[in-house]
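Data block below; observations after.
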């Protein structure tokens, strides 16, 4: 099977998954009892300064604006049209701010923490695991024990420990936030230098746990591959160790790539909590605030973005898998 | 092969290799287990030496020691291999020994492994392995040079050249085994250790592989073969001489025909008597023992005599 056909086949399946995810994303908030506009209007009425007539006018205005008076199928089509044109709606809680603006402010912070954590964590974890397997002995024992301990630790737990140790006790890093009060986000050396000091703790709390998980997996796979017949045969042919190591690394990497796809989902979930611990103004904090305020458009948008991010990451991983392992392409085509 | 001619033919041969006092143990536990106990062997130029014995007698371990690929928990405690005027210390008591042996592997002594089915990395094309094997002993060999040699070898052995573009999973078991045989002999090794290369093959694939090995010896691609197997019928077709192994020691050696027809050691007699005979007579005896009709259709005639190898033609 050619790589092109393999990619086309995978693209089709991921498109189906995307449509299903978008549909669920639309339906789930609407299955929750109650009307989100009721919450907004009741919040307004709590102060006592809004009359009944005004409440009714506000209610009808919101219902019309959010399209909640239309039948469900029409709402769905409107939603689809808006999503695919890049319009994520208007926030209930921060009315009349658009969800696009809120996401646009929060997303760069999350990407800045999560993307390097995924890439560096995956590469470093696999290298550490592979080296531990090759070297064996005390090196392997100490790396394995440490990696196992780290991988078993929940993200929020390490976040709290790092926060307490490095921010509260040692005072090396700031306690929370993404930049100092009084500064405005901009591309200047002063701002970036300040932001980096806030960046380390959330980044470390994600990357260290991720390295641990990847190292444990890679070590096990590399040890398994080291005993493979093809390794013994390559040695018997006099092939040099560094070349044999490349064979082993490539084959041991295959399950690790699958693991990466799963780990990205876990990492995104873990990052949401990490952001809360460090009061980092990313998507996690935005989602938490939206949930507490019943801000459905924001909840929907954040969930959609996370879903799309995980789907894209999984898609890229599957393509990489197909390139690296010819058997996967053959199996997809039903070949021998 | 004319086994009657084998002994005189051997006498005329120059000595290719002498293995002396090989001792191997499996360690790492509370007690070491001695797998090979002071074995010495001699092999003539162009000779195929069959190494036979029951499972666990130490044949494969001896093969690994000769091929210099013993890794923990297997340790070669002592032993030398004299070949090409050089005496190679086979002991593997440290990591440095494994590195010291690397230049000899694949070129001086090559290995045709037992597990050929999985001997090629699943993510590697055959042509890449061919290049890696050639480059292992000469880093200047280009990919084209390596592939040209492999193509010539495949054509000589009447094998399809397109196999080079395949991955291992795209080849049948028999083709994979023959391809591994070609790769193992690309460097024209002086000595080839063939470790049960036919054990996982059907009879027709076994025959193709055996004929291919004989053709390779005939073309002087390798100078000698130690053929390790417990399959005595295969060995009787292939080997010039047999060495019978039991409990880590060689108990009897001799020309194949003499050893098969007039075994001297009790263990050799027991081993030979254990070989199933697919003749009509044996079949009828088995049917009678089981209380069945011995007159039913069975093997029409005794098995065809083994194809003979022309020793003189080599």
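The backbone N, Cα and C atoms fix where each Cβ goes, and this holds for glycine too.
Annotations in TrEMBL come from automatic prediction, not curation.
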Quick check on the annotations: TrEMBL lists transmembrane segment for one of A:235-256, A:257-278. Which range is it?
A:257-278
Does the transmembrane segment (A:199-217) come close to the transmembrane segment (A:12-32), meaning at least 3 CB pairs under 8 Å for residues 6 or more apart?
no
Distal contacts, the transmembrane segment (A:199-217) - CB-CB under 8 A, six or more residues away
112-114, 116-118, 120-122, 124-126, 128-129, 132, 143-144, 146-155, 158-159, 162-163, 166-167, 173, 178, 255-256, 259-260, 263, 267, 270-271, 274-275, 277-278, 280
